[in-house]
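Here's the structure we're looking at; comments come further down.
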Amino acid sequence: MTTDTIVAQATAPGRGGVGIIRVSGPLAAHVAQTVTGRTLRPRYAEYLPFTDEDGQQLDQGIALFFPNPHSFTGEDVLELQGHGGPVVMDMLIRRILQIKGVRPARPGEFSERAFLNDKMDLTQAEAIADLIDASSEQAAKSALQSLQGEFSKRIHTLVESLIHLRIYVEAAIDFPEEEIDFLADGKVSADLQTIIDNLAAVRREANQGAIMREGMKVVIAGRPNAGKSSLLNALSGKESAIVTDIAGTTRDVLREHIHIDGMPLHIIDTAGLRDASDAVEKIGIERAWEEIRQADRVLFMVDGTTTEATDPQDIWPDFVDKLPENIGITVIRNKADQTGEPLGICHVNQPTLIRLSAKTGQGVDALRQHLKECMGFSGNQEGGFMARRRHLDALERAAEHLAIGQQQLEGYMAGEILAEELRIAQQHLNEITGEFSSDDLLGRIFSSFCIGK
């Protein structure tokens with residue numbers, strides 16, 4: 001429990017019908033008595049005047065007192081709900097700061113105190129900021145799932161499985177004289193594989209949650225003059241790229257940040273891929289491949305007037321072979337206005353095929369819908385959980401150590417090394433929920449929150 005008392009405006013700054021001042025700490029009840037002249041009953045909304053040090057009324061509104069530990073922060077909490085004008089809010093905060101022992105809250109300090117007082121774990125605290133920042137209904141649903149503990153529950157299940165397996169492995173190490181070789185009886189190997197599979201499932205869902213929060217990186221790639229720049233312009237709704245009939249017009253990477261129904265996308269147009277002799281064009285092609293390797297999804301642009309093929313392996317096998325295995329690919333057969341092909345999306349074969357005309361805009365709506373679905377949008381789902389880059393990094397490191405442990409078990413029956421790898425993997429998972437986190441990490445996370453949250 002902290003010993004100082006903090007105050008901040010909990011509602012957004014600016015004019016509004018209602019503005020809320022939040023106070024948390026051991027002096028919250030004293031602040032209530034000083035500002036309202038009353039001893040507040042816990043959990044009762046009371047309509048009272050808010051006065052200055054001379055007893056002059058500054059405002060009037062509702063006062064609510066929540067004694068610890070049954071409050072958002074786990075401390076004594078006072079909320080003053082007054083009129084939402086910035087001058088009124090500023091006068092009230094200045095009045096409260098006149099009380100000895102009260103200071104302004106740092107950004108995110110209320111949520112930080114809630115975390116430190118075990119009112120929520122770190123993923124739930126982060127979900128508050130994600131819910132506030134949500135740019136789409138789906139993102140809000142995902143953030144709410146995390147706030148309600150869905151992500152934490154998945155992590156805790158993995159940690160419990162790791163703990164049980166560690167106990168079993170360490171028992172086998174500590175009692176080698178037992179007639180049964182516990183490491184070789186198949187249970188350890190089977191349980192470890194189950195944990196690895198479950199972790200992989202959580203990683204897939206976390207990747208989707210991170211895309212929902214941070215945006216999906218989509219790279220438009222293909223041969224020169226396939227219509228890549230025209231597609232960038234069609235998706236962004238403006239003439240971001242120069243479009244000509246001259247092959248190789250785009251020589252550098254062009255970026256546009258767009259939203260499709262509130263869902264963020266980073267669209268990147270790249271230089272046409274070919275064997276170039278021009279030094280500048282070569283640099284552009286190298287940069288194109290750098291972007292492709294970092295993409296969440298590649299839109300493989302094909303000039304429909306040059307081939308009837310729809311399978312990337314048939315169209316350009318060398319391109320497909322150079323793609324990283326984990327990157328999704330969508331084939332875009334462009335210039336449907338010239339070929340007369342039926343517009344729209346085809347899911348019959350893998351990868352997904354979309355026929356459109358970037359020049360006229362026909363079929364582009366089908367691509368927009370497809371990109372939304374790739375980001376996890378579904379009108380009839382409640383949404384998965386929200387994830388951040390640090391979550392993905394921790395999950396990846398945990399998976400790496402489990403893989404090392406599995407290799408040591410299967411190759412050498414090295415129980416001691418397996419036990420250590422399990423311990424490290426568990427530590428990385430605990431970083432996600434904050435059960436093992438450095439002060440520096442906590443400071444960076446909560447400093448990104450709004451003041452008053």
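Backbone N, Cα and C define each Cβ position, glycine as well.
Here's what Swiss-Prot has on this protein:
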- Arg22, Glu79, Lys119, Lys453: (6S)-5-formyl-5,6,7,8-tetrahydrofolate binding site (BINDING)
- 225-230, 244-250, 269-272, 334-337: GTP binding site (BINDING)
- Asn225, Thr244, Ile246, Thr249: K(+) binding site (BINDING)
- Ser229, Thr250: Mg(2+) binding site (BINDING)
- 215-376: domain 'TrmE-type G' (DOMAIN)
| request: Count the Cβ atoms, other than its own, that fall within 10 Å of the Cβ of Ser229 (Mg(2+) binding site), considering every protein chain shown. | output: 24
| Relative to the Cα of Ala271 (GTP binding site), which of the binding-site residues Arg22, Glu79, Lys119, Ser229 have a Cα no more than 10 Å away? | Ser229
| Do you know the mean pLDDT across the domain 'TrmE-type G' (215-376)? | 87
| For Lys119 ((6S)-5-formyl-5,6,7,8-tetrahydrofolate binding site), which residues in the same chain are close in space, meaning a Cβ under 8 Å from its Cβ, but six or more apart along the sequence? | Pro69, Phe72, Thr73, Gly74
| remark: Across every protein chain in view, the count of C-beta atoms other than its own within 10 A of the C-beta of Ala271 (GTP binding site) is 27
| To the nearest whole angstrom, what is the C-alpha distance linking Glu79 ((6S)-5-formyl-5,6,7,8-tetrahydrofolate binding site) and Ser229 (Mg(2+) binding site)? | 53
| query | Counting Cβ atoms within 10 Å across all protein chains shown, which of the binding-site residues Arg22, Lys228, Lys335 comes out on top? | reply | Lys228
| Just how many other Cβ atoms lie inside 10 Å of the Cβ on Asn225 (GTP binding site)? | 21
| note | Whole-Å Cα distance, Lys335 (GTP binding site) to Arg22 ((6S)-5-formyl-5,6,7,8-tetrahydrofolate binding site), is 58
| said: On the three-state reduction of DSSP, what should I expect for Glu79 ((6S)-5-formyl-5,6,7,8-tetrahydrofolate binding site)? | reply: strand
| query | Could you tell me the C-alpha distance between Ser229 (Mg(2+) binding site) and Arg22 ((6S)-5-formyl-5,6,7,8-tetrahydrofolate binding site) in angstrom, no decimals? | reply | 51
| request: Would you mind reading off the Cα separation of Arg22 ((6S)-5-formyl-5,6,7,8-tetrahydrofolate binding site) from Lys228 (GTP binding site), to the nearest angstrom? | output: 52
| message | Through the lens of DSSP with three states only, how would you label Arg22 ((6S)-5-formyl-5,6,7,8-tetrahydrofolate binding site)? | response | strand
| Three states by DSSP: which one describes Lys228 (GTP binding site)? | helix
